[in-house]
Every structure is written in C-alpha cells, then in structure tokens.
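A.B. asks: Before anything else, here's the structure in question.
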C-alpha cells in the first residue's frame, strides 16, 4: 500500500522526544533544530492544518538548570527537576512558535486525565478551544505529580492518547531512528526499514527493540504500543527521524519513515467506542424537535430534554430516547444528573443563570453522540 501524504491530514499531533529537544552533553535545548521544527509547524499551520505538540524534555531541562549530576534520578528528584523544567519548556515553545505569529498553550496531563471520562472531556474541551483559536497546544506529562505506577513512558503513549482524544488524523513520532526495522539496525547490517504497517501483528511487535537513553525513557516498544492506541482510535501514525533539521518537511518530501495505517477514521472509531463499549449510566428523553435535530447531525441542547433518569457524572454514557421511549442513540453527557435535571427544557441563556456559570451549550456534543438509523435502535 502506498504511503499517505503529510499535507493531506487536517489535524496532526507531533511528538518530540527529550533526546531530540535537549543536547545530552550540554543539557540545553538544541535551538537551531527547534527553530527549524517550528518553521515546519508554521508552514503546515499556514496551510490550514491544526497542529498539536506533545513535548518531552521537562526533566532533562530541569536537571540542567539545577546542575544535577549525570545518572538516574530518584522519583522525587525527577518530580522536582520537572517542576523547574516545565517553566523553561513552556517558555521555549512559546518563543519559537511566537516567532511565526502562532500562540502556544501549555497543557499538563496525567494518565488519569485520558482515562477518567470527566477529566478526559475537560482536557478535550481545552484542546478544542485552543485549536479554534488557531493556537498550538503544547502538551506534556505532568511529571511533578506522576509516579512510576501511573506513567506512560517517554510520552509516546501519552501522544497516542492525546491524538485519539483530539480526534487527530495523524500522529507523528519524531525519534532518533527513522522507523521500524526488521531487526535492530545497529546490531544487524541486513535489517530493513518497513515503510508501511497495515496491521500490528505479533511479528511486528517482535521487531521492536528496547533501546533507550538516560534522557529518553522510551524505546521502540513504547512506539508500537502507541501505534496500537492510535490506530485503534482511528488515527494514522508514523515514526520518523527527528535528528535532521526540518523533519516534517523531510516527511512531506517523501523521506524515510514507517507509517502505521488504520482503516477507520477518528470520528468513526470514537463513535464505535461510545456505542458499543460503554455501559450507559442513565437516560435522557427528548422531544420530537430534538429528535429531528439529532438526525440532522446537530448536538443535543438542554432545551430539547424533557426527562432525566439515572445517576450519572459528567462524561458518562447515557441513552437518548425519543418521546415515544424508543432509543435514538447514545452519547457522553456534558453535565451530571443533578445539573441535567435543573437545566432540562431550558434555553442556553437560562442555563448560565441556573448554574451560575457560563457552561457548555450542549447537553451532548454531536462529536460525543451516536445516532442510529430511524427505527434501528431500542
């Protein structure tokens, strides 16, 4: 199968490892390389692409700023180094993107933020708003609070979770290697680069090495795990070398890399997950006008809800039924059961008054809603 073209993707997550961002000898940012990457991002941004960056480097920068000795760090030392490094990392990205007139917004997340549905929706909403404003979200694992038991591993899997959370079309993992090989190339001179992976089989997993460095906690194995997460969520993924300047431009020009392809798209995969994998915690009954609106692809507004049943939290799955009690669809609700009861049947301006905050307009956003064909559900 032919490789896709980079410029054909609408929303792209770019993951930058600490071994690329930080010079391991000097402990400082590789400024010229980062400026070249920022120029690549700006070029895609100027073409209308939406870009997100998942950036490692806070611990590496922190240990440099604090002049810590080389060698492994204890957990509390890593957390303290990250606290210093996060400030430097945010400033660096703000400056290099700002040189191109692009705003940057820092988001620090943990494993729970992408696995617990309420926090997942909060992070997703923040990312969506930054993209609406044409800013670039710069995301990092919150190393100051993450522990060994709740880590990802060099942000590869975090990047994959972010990509699926943001419904990205493509995840680019920039690495110190230009893709997946049939064997570790440093050990086997006959190792071949695999340009396209259509399915992650046991053989593909066996090809993953375990190389890592003091500055980078991950290896090829975590990249394969990331590919599983991304492709299951409907996001294509590629691994490419970030050791060259302008790495995204190199990919766009047909440079060496490995593509992991998925037959799904992010919206389809997400809606399949909502419809088939989540246990509903409650029910929203809606009026006939809302049924018509949902079948036309609209979001569910509080004004169309006539009854709320069950005890659910924000982000839980609920069943949506029409006035005849037949199931219309399922979705992730944006309010908990108590607030949903208070605002049912009310207009958007009323919702802000009732709740005392300017909340979300939708009871269920259309991206979080799966509607079945007329008469097919319930």
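Each Cβ is built from the backbone N, Cα and C atoms, and glycine gets one as well.
So Swiss-Prot lists the following for this protein:
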- 15, 175, 176: ATP binding site (BINDING)
- 56, 143, 155: substrate binding site (BINDING)
- 281-358: domain 'PUA' (DOMAIN)
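Buried or exposed, and what's around them? Tell me for each listed feature.
C.D. replies: In the three-state DSSP classification, residue 155 (substrate binding site) falls within coil.
Confidence for the domain 'PUA' (281-358), expressed as mean pLDDT, is 94.
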A.B. asks: Between residue 175 (ATP binding site) and residue 143 (substrate binding site), what is the CA-CA distance rounded to a whole number of Å?
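C.D. replies: Each residue's Cα considered, residue 175 (ATP binding site) and residue 143 (substrate binding site) end up 20 Å apart.
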A.B. asks: Between residue 176 (ATP binding site) and residue 143 (substrate binding site), what C-alpha distance do you get in Å?
C.D. replies: 22
A.B. asks: Using all protein chains shown, find which of the binding-site residues 143, 176 scores highest when you count other CB atoms within 10 A of its CB.
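C.D. replies: Within the set of binding-site residues, the most crowded position is 143.
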A.B. asks: For the substrate site as recorded (56, 143, 155), determine the largest distance between any two Cα atoms, in Å, rounded to the nearest integer.
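C.D. replies: Between the outermost Cα atoms of 56, 143, 155, the distance is 11 Å.
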